[in-house]
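Annotated in TrEMBL:
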type   : residues : note
DOMAIN : 14-141   : domain 'ADP ribosyltransferase'
REPEAT : 174-207  : repeat 'TPR'
REPEAT : 211-244  : repeat 'TPR'
REPEAT : 253-286  : repeat 'TPR'
REPEAT : 295-328  : repeat 'TPR'
REPEAT : 337-370  : repeat 'TPR'
REPEAT : 379-412  : repeat 'TPR'
REPEAT : 421-454  : repeat 'TPR'
Amino acid sequence: MDVDIIVRMGFFIKDLHQDIQRLNSEQFNDDQSSKAFIVYRGQDLSKEDLTKMTNNKGGLLSFNNFLSTSENRDVSFNFIQQTATNADHVRILFVISINPSSSTTPFASITDISYFHTKDEVLFSMHTIFRIGDIKSINGNNDLYEVNLTLTNENDQDLLTLTDYIRQETFPDKEGWFRLGSLLIKMGQFNKAQEVYEVLLHQTTDESEKASIYHQLGIIKDDQGEYQEALPYFEKSLAIFQKTHPSNHHRLGTSYNNIGMVYDSMGDYPKALSYYEKALEIQRESLPPNHPDLTASYNNIGIVYHSMGEYPKAFLSHEKALAMKRQSLSSNRFDWSMTYNNLGNLHNSMGNYPVALSFYEKALAIRQQSLPPNHPSLGTSYNNIGLVYYNMGDYPKALSNYEKDLTILQESVPSYHPDLGDTCNKIGTVYEKMSDYSKAHSFYERAVQIGQQSLPINHPNLEIYRRNLEDIKKKL
């Protein structure tokens, strides 16, 4: 997605969406016109995407564009029959069931105004969401499939939960472009999000807005593993908030927390702990007792104590966070995903590996249904599962999960991201345990190369990578 083009073409996207809304209200305004019907779409799809769709049967599927379909099955079927595919792709006939009386997205017949008058075309607005139904091959053909979809309705609980989550996570009180940037971050589209915020930063003269934008740019750099670049953005945001807000305002707590997060990632645990404790002090004064930000601060403090080897203090902090989550969490599936992950971390640290695995798998199942397939958080889940299998001595399963994490990271983060170094090092440890020293050496070497680009020279992880590389050389 080219952000500059989206900005320039925003008026066209808006007008087309409004035209579809207008046509929808004209065409489906009585009982007769609100009867359920079926449309079709022929499309080329990668085998990998088909597998993911099959694994997500019963889940949600979104198309990120205006979606052209036909009421005539032959039109769509003939289209895919004429489509040439390579060995990695299959042809898909989507069979889409629609109930106009309860749909969540505008759509309309454009047969009378379309250039292709004979195609009985029905056009959906952007980001239409469907429920995935049966998937089967057509006539036993292994490169031709029928996928049944149902347009979600306004009472779909999963959709309501997803919509509410996205709304809350993308600053509902902000303007559209700011929210677009936040959504792109959630999707792992960091470079595109940065483009949006740099445009907004150039356009605004409001100091409070600048502080919010600096905060978002810091989040982007932190998520990309560019900690040295993230720190100045967070510090600029904090400096502005200190001028424009009271000393105990919760936004100051957020800034301190973010700076602590960067120092934590850089391996400077005493500084990280200092900033986390400043954040916690402000949050205790300014937020309700079970606020999610307080929970996050206790978790962060627990993680730092764990990194510093102070396990009793780490355990107490995690226990406080867990107690607050039990009291405050709704049935929001996405909140529970984070909770499952935190519980998995805690049990993994305590050596309760089967219990940890159970929580990690629950978190993964939710993330698979709610995140893009290459989102870094999915990689984190696979990494966690791989670590548990490694600790249990099941090295083939550990390797399989680490490789899934590596594939996602290679698609979603810069080539020097520290998470890539961590995963390469873990794959190296598995190969070493399996006595494949040549492959272990290759991955240890790659971990060192990435660590040298992304971590401070004295970072403990980089020291581990170097030590592993030196040790494996002795076994070759």
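Backbone N, Cα and C atoms are what each Cβ position is placed from, and that goes for glycine too.
Here the structure is a predicted model, which means the values were calculated and not measured.
In the predicted model, residues of the repeat 'TPR' (295-328) average a pLDDT of 83. Residues 215, 218-219, 222, 225, 227-228, 230-231, 234-235, 237-238, 241, 247, 293-294, 296-298, 300-301, 303-305, 307-308, 418, 455-456, 458-461 of the same chain lie 6+ residues outside the repeat 'TPR' (253-286) yet bring a C-beta within less than 8 angstroms of a C-beta in it. For the repeat 'TPR' (174-207), the number of residues in each DSSP class (helix H, G, I; strand E, B; coil) is 26 helix, 0 strand, 8 coil. If you look at the repeat 'TPR' (421-454), the same-chain residues 6 or more away from its ends with a CB under 8 A from one of its CBs are 225-226, 379, 383, 386-387, 390, 395, 398-399, 402-403, 405-406, 409, 415, 461-462, 464-466, 468-469, 472-473, 475-476. Listed as Cβ neighbours of the repeat 'TPR' (211-244) (distance under 8 Å, sequence separation of 6 or more from its ends, same chain) are residues 174, 178, 181-182, 185, 188, 190, 193-194, 197-198, 200-201, 204, 251-252, 254-256, 258-259, 261-262, 265-266, 376, 413-414, 416-419, 454.
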